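Let me begin by presenting the structure, written as structure tokens, before commenting on it.
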Amino acid sequence: MSGAALGLEIVFVFFLALFLLHRYGDFKKQHRLVIVGTLLAWYLCFLIVFILPLDVSTTIYNRCKHAAANSSPPESSNITGLYATATPVPSQHPCFKPWSYIPDGIMPIFWRVVYWTSQFLTWILLPFMQSYARSGGFSITGKIKTALIENAIYYGTYLLIFGAFLIYVAVNPHLHLEWNQLQTIGIAAANTWGLFLLVLLLGYGLVEIPRSYWNGAKKGYLLMKTYFKAAKLMTEKADAEETLEDVMEEVRKVNESIKYNHPLRKCVDTILKKCPVEYQEKMGRNMDDYEDFDEKRNAYPSEKSLVKLHKQVIYSVQRHRRTQVQWQILLEQAFYLEDVAKNETSGTCQFVHTFQSPEPENRFIQYFYNPTIEWYWECLLRPWFYRILAVVLSIFSVIVVWSECTFFSTTPVLSLFAVFIQLAEKTYNYIYIEIACFLSIFFLSICVYSTVFRIRVFNYYYLASHHQTDAYSLLFSGMLFCRLTPPLCLNFLGLTHMDSSISHQNTQPTAYTSIMGSMKVLSFIADGFYIYYPMLVVILCIATYFSLGTRCLNLLGFQQFMGDNDMTSDLVDEGKELIRREKRKRQRQEEGENRRREWKERYGHSREDSTRNRNVHIDPKESNFSDISTNRSSKYTRSNNRNERDRIELLQDAEPLDFNAETFTDDPLESESGRSFLYPPFRYQPGGRYLSMSRSRIFDDV
């Protein structure tokens, strides 16, 4: 099993990162370099979290082996006879290899490759790709130039921070500059920045994650919050539509002013390709390429203005598409939560849906998750499951907060994570050590990473599911993960006292801490900032518990969901009315489709049979005039009842007519036969006959 666990986790983590990226990104529309860069960043960060417990168990085994080697006495040469040969005393350390043991020399190389690759991504490559993706340039050279200009200040800030640490080391007479020390300074600067942001995100996640599950178990809470989201999303959706209309109007003006033989026409064509299809068709119909451009007569836009317009088109189209998809998803959630509220008072123990899912469900899911099981889960079991999960997560949060405030104490050991690991280390229960380490670092990662997925910085950074995240946000999330994961792992090793700089013990360090170098070069960071700054997580947890950040955002005009706020109540009522309108609209659509289906089933087959029989058995020259007159009279009498049926449909709230269609008829019989186009108008005679008013007079032989 040597190295097998490492290989299995490498493969598993890759597919996990690929699954999450597929959920948030769009493999078909986004650039391949954006997908590859984001996937590599997410993969490396998740890999560090999953592999670190194996490093801990391997380090504990190496410590045990080293202690056993040092505790064995030297060989005795004074004893002769049977015991003349060396007989080492049995060791008191029962060392045996763990099932996930990784051979020596593999982990240092592995961590060095993973760490420096992630740092190269987060500080150099991903920021450049971010600016490149947002650039509105029409050529690769133009996009690269824009990205370099935008990142000049960004890179200059890093050089300034690194220069400050470098000057500190140079001024200190007790320190001598070496390559390892410069490397340690760079690592310390990166970890300091990451730890500063890590504590902020961790303090929010430790409180918000258990509270979200506890509130999710309350009746009506999720439905009210969905109504609130609907009101806010409708405002954003309307704003996105207005922005798209304004940008498309600018594109239309540019498209009409720049003709086919203008030097910048290729740039305009590139912009048109990024526009929605309906706008492309409108602009294509109104395009007149027969007129040549006159440089002296008209003032044409410059290439710089077209680059800016191109950037606006990309942003507005992406935002409009995202709001449309999110609105449909939110409607489905609201309808389902309303169904849950209705079924909670039902005595049939059968979950009834108002609207059926448009996509057919799997037969396996239908068999095991039938309406009865769905009713018991949604109405009875799920609230209790959420409450139990909220209590368990709250206990984990308390353990983390306590350990963050006491992990610097080594005698006595107050950190609960260190207590658990040391108890398992005495018995060398490697499975328990790996499970405890994995659960601990996994919970810390969930608290931090979930906050990264939840936060939204206006419209610049927003991770939207269902393939609606833009390239800028995907790359930015990769940057955050690469900057947060190394200090997160160092903080975890400090909580478990596996970091020698925290435990102050002369023991073998883990392979991960060995590549970080000795922090004694910067003592004020190793002995001060790394130890006392994590204690601020207590203040952040208290602020999150009392929703101080939410209240501040409300005061600034950013509406947040709060139960004791009048603005929240108004938005909930507004969202409820919006959901009710959309529900009525969908019901009318389904009723209209059902009516059309019934008419086709009732009259479609009978009319086809009558038409087939008439074509086969009836000879127009030998048929009786009365039969023909009767058939025609019944046929057109049925058509004359169309107005009455239309009035009935209008009284039944039929869906509005589509005036963009070719015909206005809603009768399935007329739509199939096309009678309004195939048959000429008829004139009724007193004798009960319909005579053709056309010039062909095809009924003259009757």
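Glycine too: its Cβ is placed from the backbone N, Cα and C atoms.
Quick look at what TrEMBL lists:
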type	residues	note
TRANSMEM	6-21	transmembrane segment
TRANSMEM	33-52	transmembrane segment
TRANSMEM	109-132	transmembrane segment
TRANSMEM	152-171	transmembrane segment
TRANSMEM	183-207	transmembrane segment
COILED	230-257	coiled coil
TRANSMEM	384-401	transmembrane segment
TRANSMEM	431-452	transmembrane segment
TRANSMEM	472-493	transmembrane segment
TRANSMEM	529-548	transmembrane segment
REGION	582-645	region 'Disordered'
COMPBIAS	625-640	compositional bias 'Polar residues'
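For the transmembrane segment (109-132), the most Cβ-contacting stretch among 33-52, 152-171, 183-207, 431-452, 529-548 is 33-52 (pairs under 8 Å). Residues of the same chain lying 6 or more positions beyond the ends of the transmembrane segment (183-207) and with a Cβ under 8 Å from any Cβ of it are 119, 123, 161-162, 165-166, 169, 397, 400-401, 444, 446-448, 450-452, 480, 483-488, 490-491, 516-519, 521-522, 525, 529-530, 533-534, 536-537, 539-541, 543-545, 549.
Residues 49-50, 52-54, 56-57, 60, 98-100, 198, 201-202, 204-206, 208-209, 393, 396-397, 400, 417, 420-421, 424-425, 463, 477, 480-481, 484, 488-489, 491-492, 495-496 of the same chain, all 6+ positions outside the transmembrane segment (431-452), place their C-beta atoms under 8 angstroms from a C-beta of that stretch. Counting residues 6+ beyond its ends, the transmembrane segment (33-52) has Cβ neighbours under 8 Å at 6, 9-10, 12-14, 16-18, 20-21, 25, 27, 110, 114-115, 117-118, 121-122, 125-126, 129, 133, 437-438, 441-442, 445, 471, 474-475, 477-479, 481-482, 484-486, 488-489, 492-493, 512 in the same chain.
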